[in-house]
Amino acid sequence: MGAIGGEELINWEKMQEMGNGKEEKIMVLVRLRPLSENEITRNEVADWECINPTTILYRNSLQEQSGLPTAYSFDRVFRGDCATREVYEEGTKDIALSVVGGINSTIFAYGQTSSGKTYTMNGITEYAVADIYDYIQRHEERAFVLKFSAVEIYNEVVRDLLSTDNAPLRLLDDPEINLHLESLSSLDVALNDENHSFGLGRTPLIPKVLLLLVIVPLNCDIASLKP
C-alpha cells in the first residue's frame with residue numbers, strides 16, 4: 001500500500017493550518033459489506049443500500065410494515081464495492097495525520113462478526129503509518145519519537161499483547177495524563193524502517209481476531225530542532 005504523494009501531503013498541511021480552530025467531534029462512518037460468494041450463490045439480496053454519500057436505506061418488508069424509519073444518516077457512508085483506500089482518504093486520513101500535529105485521535109471499527117472490521121482496519125492502519133512516515137521524513141526540522149503498543153479487550157478484561165505476562169491491566173485516571181493503562185509496554189519504532197513494519201514479525205502478537213477488540217496505540221512525541 002502506497003503513501004500519499006508529496007503534493008497531496010502539502011495540500012493536507014495547508015488545510016490543517018487553515019482549520020486549526022475547528023471544533024473537536026466524533027465522526028461516524030459506515031462501510032457496507034458486499035455479499036459473499038456463498039450469499040451470491042444462494043441468490044440472497046443485500047438488505048442495506050447506500051443511496052447517497054451520507055445515507056443508507058434498509059430494504060426489508062417487515063421494517064417498512066412496522067412504521068420504523070428505513071433511512072439512516074451518518075457523517076459518511078461507503079458502498080460495499082468501494083476500496084479501503086477510498087475509506088481512508090475520505091473518512092479517516094485527517095484523523096490519522098492529526099497526531100503529527102500533537103492532537104490525540106482514535107480510529108476504531110465496530111460491528112458484528114464477519115462484517116469486515118479487521119479487513120478495513122488493516123488497510124487503514126497501513127495507509128496511516130505510511131503517511132505518518134512520509135510526514136516525518138518531510139519535516140527534518142522536528143524530532144519525532146514513535147512508540148507502538150498493542151492491547152486486547154476481551155470479556156471486559158484488558159491485556160498487553162506485547163508482554164509475556166498475561167495479567168490484566170488496570171485503567172487509571174491521572175490528573176496530568178488523563179486515562180491510561182498501568183504498566184502498558186511499548187516498542188520504539190525505527191523511523192528508518194522503510195517497510196513500516198514496527199517489527200511485528202518478531203513480536204508474539206496473539207493470532208486471534210474473532211471476538212476480540214485489539215487496540216494499536218501509536219504514540220508520537222514531537223520536538224522542534226530549531227534553536
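Cβ coordinates come from backbone N, Cα and C, glycine included.
Per TrEMBL, these features apply:
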BINDING   Gly111, Gln112, Thr113, Ser114, Ser115, Gly116, Lys117, Thr118  ATP binding site
DOMAIN    25-227  domain 'Kinesin motor'
Problem - Fewest other C-beta atoms within 10 angstroms, as judged across Gly111, Gly116, which are the binding-site residues - result: Gly111
Fill in the blank from the handout: binding-site residues considered: Thr113, Ser114, Thr118; fewest surrounding Cβ atoms within 10 Å belongs to Thr113
Practice task
Pick out which of the binding-site residues Gln112, Ser115 has the most other Cβ atoms within 10 Å of its own Cβ.
Solution key: Ser115
Problem - Cβ-centroid neighbours of ATP site Gly111, Gln112, Thr113, Ser114, Ser115, Gly116, Lys117, Thr118, 8 Å, sequence order - result: Arg33, Ala109
Handout entry: Neighbourhood of Lys117 (ATP binding site), C-beta criterion under 8 angstroms, separation at least six
Key = Ala109, Tyr110, Gly111
